[in-house]
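Lifted from TrEMBL, the feature list:
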BINDING   Tyr40, Gly65, Ser66, Ser67, Asp90, Asn91, Asp122, Ile123, Asn137, Arg204  S-adenosyl-L-methionine binding site
DOMAIN    63-163  domain 'Methyltransferase'
Amino acid sequence: MTDTPDRIYSTPHGNVADFVFNEDVVRVFPDMIKRSVPGYPTIVENIGVLAARFAQPHTHLYDLGSSLGAVTQALRRHVKTEGCRVVAVDNSTAMVDRCREYLHAQDAMYQELLPVEVVEADILGLVLQPASLIALNFTLQFIAPDRRQGLLESLHRALLPGGALILSEKLRFHDLEEHVLLNDLHLDFKRANGYSELEIAQKRSALENVMRPDSLEDHRERLLAAGFSKVVPWFQCLNFASLIALP
Ligand SMILES: Nc1ncnc2c1ncn2[C@@H]1O[C@H](C[S@+](CC[C@H]([NH3+])C(=O)[O-])CC(=O)[O-])[C@@H](O)[C@H]1O
Ligand SMILES: O=C(O)C(=O)Cc1ccccc1
């Protein structure tokens, strides 16, 4: 199956609107995220591998800001723990509808997958069941900065001892030289994946008010303040990283 190519920003938009996860984005999302996020396929697959170590019998595994359910599918492929249940949550109707279709297709392809539920909801208002794994794969960066601490506190309360939060994010860097170098290399990554200067510039402008990355130090401090005992970076490619936070 070949992904529909992302051409959303290939023609001049005049006034570039704020980025939203609507039907147009859903249509091209698998192609867009692979060509925009260095290391994305590696991160998604390995969240499944990591999860298998933390999953505990008869608990929930959450994929928060699930988009089309890539992490949910990886969890269902890798985790065999008895009585686990995967819950994918996203507040975009277009994403949730397509995610449900993809998961039905996965059910038709594999036997003995963990049961899954796709919930259309804002993760800020979610009541979580006792969880052994929670994934926030490139979701926290889209949450209003003043809501991030409270969200992580509620995730910490839901996590069982021995469980883990996996947090993947685009990073900014306090050191200006490091920030500029890794951002320039990220733009080179996009050019190498066929994005034009116009596409890059318009997407950047669309994301400006919507996606606000933090530094690794900010993430570590906030996670520790939310009650997590240990923060372990397990992956970084350019300015994109993934962390394991232990309750
Ligand atoms: N408050 C919110 N509540 C619920 N969902 C939200 C909220 N805010 C944003 N979202 C959802 O978070 C997702 C972020 S994309 C995640 C990729 C996926 N994890 C992947 O591994 O493919 C990241 C990206 O596109 O860079 C979108 O689907 C939003 O609708
Ligand atoms: O495109 C970018 O520059 C990004 O930082 C990541 C991204 C990927 C897909 C949707 C929104 C943001």
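Using N, Cα and C of the backbone, Cβ positions are placed for all residues, glycine too.
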Q) Among the binding-site residues listed here, Tyr40, Asp90, Asp122, Asn137, whose Cβ has the fewest other Cβ atoms inside 10 Å? A) Asp122
Q) Can you give the largest Cα to Cα distance in Å, as a whole number, for the residues Tyr40, Gly65, Ser66, Ser67, Asp90, Asn91, Asp122, Ile123, Asn137, Arg204 that bind S-adenosyl-L-methionine in the record? A) 25
Q. Where does Tyr40 (S-adenosyl-L-methionine binding site) sit by DSSP, helix, strand or coil?
A. helix
(Q) Across the domain 'Methyltransferase' (63-163), what does the mean pLDDT come to, as a whole number? (A) 98
Q: Could you give me the DSSP helix, strand and coil counts for the domain 'Methyltransferase' (63-163)?
A: 46 helix, 25 strand, 30 coil
(Q) Test of understanding: give the count of other CB atoms lying within 10 angstroms of the CB of Ser66 (S-adenosyl-L-methionine binding site). (A) 28
